[in-house]
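Each remark here refers to the structure printed beneath this line.
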Amino acid sequence: MSSGVDKLPIDSEKPETDSQPDTASVSRQESLAEPDVSRIRSSSLARIRSNNGHGCADLEEGDATDDSLTPDQRQAEKDPFEVAWDGDDDPLCPRSMATARKWLAVITVGMGSLCVTCTLGLSLFVLGIALGPLLMSPLSEFIGRRPIYLASWAMFLIWLIPSAVARNIATILVARFIDGFAGSSFLSVAGGTVSDMFRRDQIQAPMVIVSLSPFIGPSLGPLLGGFINYNTSWRWTHYTMIIWAFVEFVMIFIFAPETYHPIKLREKARKLRKETGDDRWKAPMEKSTKSVALTIGYSLLRPFELLIFEPMCLLLCLFSAILLGVLYLFFGAFPLVFGNTYGFNLWQTGLSFLGIFIGMIIAAATDPIWRRINLRLLEQNKGVPEPEFRLPPAIAGAIAVPIGLFIFAWAAYPWVHWIGPIIGSAIFGLGTLLVFTGIFTFLGVLLLFAGISDGGDDAIPLSIFQIWKANPKEE
């Protein structure tokens, strides 16, 4: 392990402090030439950092915590015994994991989001999804990603059972709210897992998977549920979800390692203390004095701070919220259009959701195009990355969305072939995924804390436009 320990004179006495190599300083010096997103000039965004004081962005090479300090001043202030990564090749750093292992983790947490959103229905489930990130995100900053995934998914799995055997609506309401609350961790923390494992110039492709999964779920839910309900009963829909959730739990246990940098640095510090016998080696997290209660309290205020003081975040959140509300309106409109207008039965109506599904798959397949555009913009800006370079997919998607809505609305007549509205829904699905991929990636880069800050910040405005699902007649 390359940790700087082999450079220490290990003997019966403690090594002198001023003779120690400044591991963090070396890491800083090696990466001064690397461009970073700290060039963003935004006073309120500059305050958005990990609530335990040491998030992934704090530990990334090239990030400056105070632009008023020179590199030499920052190095002088560093504790020589503060444990840091020895570059991205550090064997304990999540970014040094094999590519196959990284993608297994991305697919696993993405499948969690897909499984959760397949059960979207009653408004209490959506309310649970909206409130969950406000607790799950700050907790993940203290205990890590993996414990959150395992604990929340176990709760999600357990509370699927009351929904399956419920004899009254009250049981279903309580179970669905808790399921939404527990499952929200994958919608809010998965982006953080991606940013832990991939550098900013590599984040686009895995972020497509994370962005795609929550939208594929609502498309597959009616498709699979239509066949299940048509041939058996509605309870088997929940039984199928229980089986799926159990398989997903096993996948999480095997393929989703801990990736949160402060937690991994704490493990590295413990290993250094054990190997050297020197208790002065500390991870940044171990020197933090912030409490969990204070962090959770601040996480409740942080979304409002961003929405009030950052107009761009407010507008992007409102845009994504309205778009998500329209997407859910589609799920209410499909039974009316294809059931009443075209006379489709239950499973045929479920098949009609394939239009949105195919549109989103096509949108995901365009990712290489957007990556080339991002590289071209980067070259034109002399290698300096800007968050706005992630927005071209959202711009294209914003054009496709109204086109798809127009086609769907004007083709939904008995004298027009049923393929017309499905084509419109496919174009809408394509535009929706492009918009969300662009916005999520933009916010992840902008806030320097992908999947954590923006996960909770989006939840409140998004939930407002999802509450229309309260009408039980649409279930």
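Using N, Cα and C of the backbone, Cβ positions are placed for all residues, glycine too.
Remember, TrEMBL labels are computer predictions, not curated facts.
For 8-17, the entry in TrEMBL reads compositional bias 'Basic and acidic residues'. Annotated compositional bias 'Polar residues' per TrEMBL: 18-30, in sequence order. According to TrEMBL, the feature compositional bias 'Low complexity' maps to 40-50. Here TrEMBL flags 1-475 as domain 'Major facilitator superfamily (MFS) profile'. Residues annotated as region 'Disordered' in TrEMBL: 1-86. What TrEMBL lists as transmembrane segment is 103-136, 148-166, 207-230, 236-256, 312-338, 350-370, 391-413, 419-449.
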The transmembrane segment (350-370) and the transmembrane segment (312-338): do they have three or more Cβ pairs under 8 Å, with pairs 6 or more apart in sequence? yes
Could you tell me what the rest of the chain brings near the transmembrane segment (350-370), counting residues at least six beyond its ends with Cβ under 8 Å? 204-205, 208-209, 212, 215-216, 219-220, 222-227, 327, 330-331, 334, 338, 344, 392-393, 397, 404, 418, 421-434, 437-438
Stretch with greatest number of CB pairs under 8 Å, the transmembrane segment (207-230) reference, 148-166, 236-256, 419-449 candidates: 419-449
Within the domain 'Major facilitator superfamily (MFS) profile' (1-475), what mean pLDDT does the predicted structure show? 73
